[in-house]
Amino acid sequence: MMKMLKKEEMGGYGEVESWWRRWLWSTNHKDIGTLYLYSGVWGGLFGASLSLMIRMQLGHPGAVFLKSDWFYNVVVTTHALMMIFFAVMPILIEAFGNWLIPLLVGGKDMIYPRMNNLSYWLSPNALYLLMLSFSTDKGVGAGWTIYPPLSVYPYHSGPSMDVLIVSLHLAGLSSLVGAINFASTNKNMPVLEMKGERAELYVLSISVTAVLLIISIPVLGGGITMILFDRNFNTTFFDPAGGGDPVLFQHLFWFFGHPEVYILILPAFGVMSKVIMHCSGKEAVFGLIGMVYAMIGIGGLGCMVWAHHMFTVGLNVDTRGYFSTATMVIAVPTGVKVFSWLATMAGSKFKMKPAAYWSTGFLFLFTVGGLTGVLLSSASMDVSLHDTYYVVAHFHYVLSMGAVFGVFCGLNHWLPNFVGVCFNKKWSKAHFMAMFFGVNTTFFPQHFLGLSGMPRRYMDYADIYAHWHWVSSYGSAVSFGSLMYFKFLLWEALVSQRGVVFSGGLCGEMDWAGTRDLYPGSKHVYSQLPFVWTNPYNTCITYIYKKSRNQ
């Protein structure tokens, strides 16, 4: 007897949808988001494995684990690129964005579904080329910044650097195509009441991120193309002997590189706003309009401060003064966001779900990273601390603890919506405790190393630094163990099939309200636009849905 197929199991034209068609040629936002999630988790685990190799080497003075200083720098380079382009960005922007943006704007899918599919399949090809550069010739040991002259002949004479540059081109193209899709979706698809200042904060964070990507990715592409031409076509864009200037590449790279920091952290801001609002039981975050303009201000200022990475290259006093002041000004909108989150928690019966643990941990750790950033924004201070472990500690507090805690917070909050099962709550809280202890033990001692003068990118060091390096390596082992524990938690949730009884979401949460009667939801939640009602005071929005569960 023929099996009756549900509509979700049918293709777009009524035929049975095969496994290959669903996952290789998918134009469904949820399937593509799931693919990004799988890819990002794999990239994150591989990048974390490389970081453990780095810390095993630095646990004791001398070449105790990695016998070659060149290979040490190859591992550092691959770790950075893997975590940025193939772990945090695929999960925070692409996976969560693909899953949630259509739900939050009231749309059926992304505005360009086929472009969405193209955006994903460029990413595995870029990942393959990155792995190929890691194993080709001697690998790329120039750091993720690939500064010339280290990235050109004769210092990188093999093909590995060329392969890496092509990988970055593909990764950048993937991000650019996805950003155009997100920006177009967020501009054109929201129902009327969800546009402008009334947009969901996560939607706004993805919109600002998409604009930053559209501005900065072409500049990176131009810079690395110039390196490719210097290496292969005898140009001298960055060679002083031919009239070039290596500092030009630093300007091009950091015009991309600093917005990239906000590209990584802004989606985490959106996740925190959603989770804190949910766990506080409130219909809107405190100071909603201030939060909107703070996020826009952070994105705008982020494009104007790139040269604070270059205080030691010989900038004149006026230029250093401008970039130092502009960098400090970013602390103002960032402070607005942090205190608005705290005010949202105030006066509420805060539900300490696992996601709430990650959100409160994020607030503490991101604040610490921001305070060390204020010190580094001073041009005179940065001259002493530039390229020391103080800088490593600063950006890992913002990224390894900010963006990554945003990833875990989002997974704990939205996994029931994505796959219909829940993590074990007690075990998830234990995972947070282990991760929180591990990352702090790893990176807080590195402030002391930097203040003592320990430089970055060296595999060996004086014995005086051995104690804090040992403590940092111990914390790294704890962090890696907590990641393995998370793999177990994910497996346990999928095997036990611990279903969702009810979402706990308020009526104003479109990500939950659209699928409130079934988890996970169908491939397309809305067959028609939802009806949206705003209260007279414009402080929050309540959503009323017609029954529209069909395709």
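Just so it is clear, glycine is given a Cβ too, placed from its N, Cα and C backbone atoms.
Between the candidates H258, H278, Swiss-Prot assigns the Cu cation site shared with H308, H309 to H258. Listed in sequence order, the residues W254, G257, V305, W306, A307, M310, F323, T327 complete the 8 Å Cβ shell around the Cu cation site centroid, once H258, H308, H309 themselves are left out.
The DSSP secondary structure for H308 (Cu cation binding site) is helix.
If you measure from the Cα atom of H308 (Cu cation binding site) to that of H386 (Mg(2+) binding site), you get 10 Å. By the Cβ criterion (distance under 8 Å, sequence gap of 6 or more), the transmembrane segment (163-183) is not counted as touching the transmembrane segment (475-495), fewer than 3 such pairs being found. Two recorded stretches are said to be in contact when at least 3 C-beta pairs lie under 8 angstroms, sequence spacing 6 or more; the transmembrane segment (432-452) and the transmembrane segment (356-376) meet this definition.
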